[in-house]
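A quick write-up on the structure given underneath.
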Amino acid sequence: MTRQLVIYALLILKIAFAEVARGPTHIIRLSEGRNGTIVAGDKLILQKYHQYQTMVKNGASVAGAVDTGLLKDPTNLSNIYIGEGFSAVTGTFSLSFIEHILSHDDVEYVEANEIYRATKMRPVYRPPSKRSKIAQHNAPSWGLARISRNKKENTNDYSYESAAGDGVQVFIMDTGINVEHDDFNGRATLDANFVNEESEEDLGGHGTHVAAIIGGTTFGVSKKVKLRSIKILDKYGDGTTVRLLHEYVGKLSKGEKSVINLSLSGPKSKMINDALSSTSNDYNIPIFVSAGNTADDACNYSPSDNPDVFTVGSTDRDDSVSKFSSTGQCVRLYAPGKDIKSAWLGSKDATMILDGTSMANPHVAGIAAVLMSQKTYSSPKKLYDAITDIAVKGLLSFPDGSEKSSHNLLAHI
């Protein structure tokens, strides 16, 4: 097992982007019960490294032993604490030390710092509290009209609840948000940036597009929600495990109803799943993630394989599951994700049409915000159940062979 991990880590380091090579190489998950102890995680790991260094210099036979000339202190050490149960240390470590540290009781497991990507396809084109229903006539995106109808109709009108996400905040963990865009009407803020090489603004457009689907005044499902940017993806839509795990939780403990949107996908990761489960369960926050655009089983990727999050696939205008969309048991339902028009970069009224499960997922995060503005849910699971209960059942057509293992549910509000 140890040898397999080291070989795997070597492969990851060979294919990783240069950006990752400059940053942390691994995340060390500490054993349960360490969170809140006297010795901080980074200091504990550094102590163990110095013990390892001394053992090697003294000629002891230890796992991962290397030439003493290569024994340099680890760099980029940082602690990650989420809730009561998740404690980890990120850093740049030698593979020999990683092999050695796996044998310590304080360490539960180790993962390489991997690449996660936004789940969008190429742009199609870029053009220059009382409960009651409101109609948005001639909505700019067919997706809005579709989620407010039980069946396909020849209309572009979007009917939505007047609460419209009032009193709810959605954290968009993405490329940032163009907060100056008219569609946000001052409701979008830049809260954190974990992409060291870039400013906090959205330089890629993906996060802006996603945010406006969730809560834009024109393009959004939930038109009164607060939109908060946690920047973890660069302008190309790429991020890492470390960015995804970073201490964003400090932004979540404000007592306000909150939702997290993650329109990204990557390799299976116990580290990410444990962290997101802790976030959801300890902070009582629902998390919505995209199924991925690989047209295979979403259970083969993270975070879409996590049972504590709500995974969303994509549909086309004809109520067929999009050819690019991942499917399977891990996808709880599907939402419009093909030819979706939303806000973009370049001006205060810029728009873009995109395809992807990245576009489907924020429709459902927006639905969640609407429901949460009308009612308090005791747990994310209760909210997830409410969303599937009101979904349209049995209308979708699936790519060959995938329907038997998939949930035939279309998002509805």
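For all residues, glycine too, the Cβ spot is worked out from N, Cα and C.
Feature annotations, courtesy of TrEMBL:
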| type | residues | note |
| --- | --- | --- |
| ACT_SITE | D174 | active site, charge relay system |
| ACT_SITE | H206 | active site, charge relay system |
| ACT_SITE | S358 | active site, charge relay system |
| DOMAIN | 165-391 | domain 'Peptidase S8/S53' |
| SIGNAL | 1-18 | signal peptide |
In three-state DSSP terms, S358 (active site, charge relay system) is classed as helix
Spacing of the two Cα atoms, H206 (active site, charge relay system) and S358 (active site, charge relay system), in whole angstrom, works out to 9
Rounded Cα distance, in Å, between D174 (active site, charge relay system) and S358 (active site, charge relay system) is 10
The average per-residue pLDDT within the domain 'Peptidase S8/S53' (165-391) comes out at 94
Excluding its own, the Cβ atoms lying within 10 Å of the Cβ of D174 (active site, charge relay system) add up to 29
